[in-house]
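What Swiss-Prot records for this protein:
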type	residues	note
CROSSLNK	Lys22	SUMO2 cross-link
CROSSLNK	Lys27	SUMO2 cross-link
CROSSLNK	Lys27	SUMO1 cross-link
DOMAIN	52-134	domain 'SCAN box'
MOD_RES	Ser132	phosphoserine
MOD_RES	Ser142	phosphoserine
CROSSLNK	Lys147	SUMO2 cross-link
CROSSLNK	Lys177	SUMO2 cross-link
CROSSLNK	Lys236	SUMO2 cross-link
REGION	251-301	region 'Necessary and sufficient for nuclear localization'
ZN_FING	251-273	zinc finger
MOD_RES	Ser274	phosphoserine
CROSSLNK	Lys277	SUMO2 cross-link
ZN_FING	279-301	zinc finger
CROSSLNK	Lys286	SUMO2 cross-link
MOD_RES	Ser292	phosphoserine
ZN_FING	307-329	zinc finger
ZN_FING	335-357	zinc finger
MOD_RES	Tyr335	phosphotyrosine
CROSSLNK	Lys361	SUMO2 cross-link
CROSSLNK	Lys367	SUMO2 cross-link
Amino acid sequence: MSAQSVEEDSILIIPNPDEEEKILRVKLEEDPDGEEGSSISWNHLPDPEVFRQRFRQFGYQDSPGPREAVSQLRELCRLWLRPETHTKEQILELVVLEQFVAILPKELQTWVREHHPENGEEAVAVLEDLESELDDPGQPVSLRRQKREVLVEEITSQEDAQGLPSSELDAVENQLKWASWELHSLRHCDDDATTENGALAPKQEMASAGESHEGPGTLNIGVPQLFKYGETCFPKGRFERKRNPSRKKQHICDECGKHFSQGSALILHQRIHSGEKPYGCVECGKAFSRSSILVQHQRVHTGEKPYKCLECGKAFSQNSGLINHQRIHTGEKPYECVQCGKSYSQSSNLFRHQRRHNAEKLLNVVKV
């Protein structure tokens, strides 16, 4: 992106998989005080997330000099935060939201971003909704399994709408299972018994809730956690959530007796029992339990792919697809086998690799 004077057009090149490049011209004007104003038609701009990513990934080598670099960063930041249409409080919330999502484990980052929260409160509500669906030690095992199945169905239906191959769907399913268990484990650290070396021993039901393979090995997600064949290890209490003791859970599920502090959380929870899917697609009739999932599904019909790779321009309908794709460029392989140390960029490949270890173990047992 080249630097332009205030009187000239500022050209932002947005990669597009269907074209070599799509040029968005933003006419900048000069106000009476000599500062930069704008006659931008905000409705025709790409999603602010595109400009946020460009702002964060901008490099000094992308500009001819320091003055041009500052100018381009200022423009990208303006197109992200949009001070012409947002209040100071809204801009503050956008910055807080970005940092909050950034400190979450990667799987939870994907889950939150798929729901497109516009501020910190909406992001918290997304996590609280997920939290309300997770295991409750006082509930029957069958109900806990049913909850997990509902969550897995939601995320896999999102990726199925994108037309991913079965191997990628397996990866998404397992990512949600382990991210859900992670959030539950972090919340209930004090309720779990510790092993001799300080690792937390999870509930036995979690092992039976997954597929026939063993745990996903070491998952390097930037937080001190270790997923190793059914054992979870991380500093006790570090991520414990502090609740407001004055906040009472006044909403009770008539089916299972679980309490909720918000009526909206109870409504979502009750769909586990009723199987209700009130959000239907007018194009194909497929129904979903949440409106956010319907929005994701509708991209099958519209062809919308708002998540673009800044490296090659390839576009995706889901943010999780973009995250997986970017590992091709970065070479990141966060999924490591604890038995041999081999790493993979996709969790599905790790699971497939671990099945070979399991088969070898079985053969050794048979030989003995």
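Counting starts with 1 at the first residue shown.
Glycine is no exception: its Cβ is also placed from the backbone N, Cα and C atoms.
Here the structure is a predicted model, which means the values were calculated and not measured.
Under the three-state DSSP scheme, the residue listed as 'phosphotyrosine' falls in the strand class. Ser292 (phosphoserine) counts 18 other C-beta atoms within 10 Å of its own C-beta, drawing on all protein chains shown. Other Cβ atoms within 10 Å of the Cβ of Tyr335 (phosphotyrosine), summed over all protein chains shown, number 27.
With respect to their backbone Cα atoms, Ser292 (phosphoserine) and Lys277 (SUMO2 cross-link) stand 12 Å from each other. Long-range neighbours of Ser274 (phosphoserine) (same chain, six or more residues apart, CB within less than 8 Å of its CB): none.
Packing around Lys277 (SUMO2 cross-link) is summarised by its Cβ count: 15 other Cβ atoms lie within 10 angstroms of its Cβ, all protein chains included.
Mean pLDDT for the zinc finger (251-273) in the predicted structure: 79. For Lys286 (SUMO2 cross-link), the same-chain residues that are 6 or more apart in sequence and have a Cβ closer than 8 Å to its Cβ are Gly280, His297.
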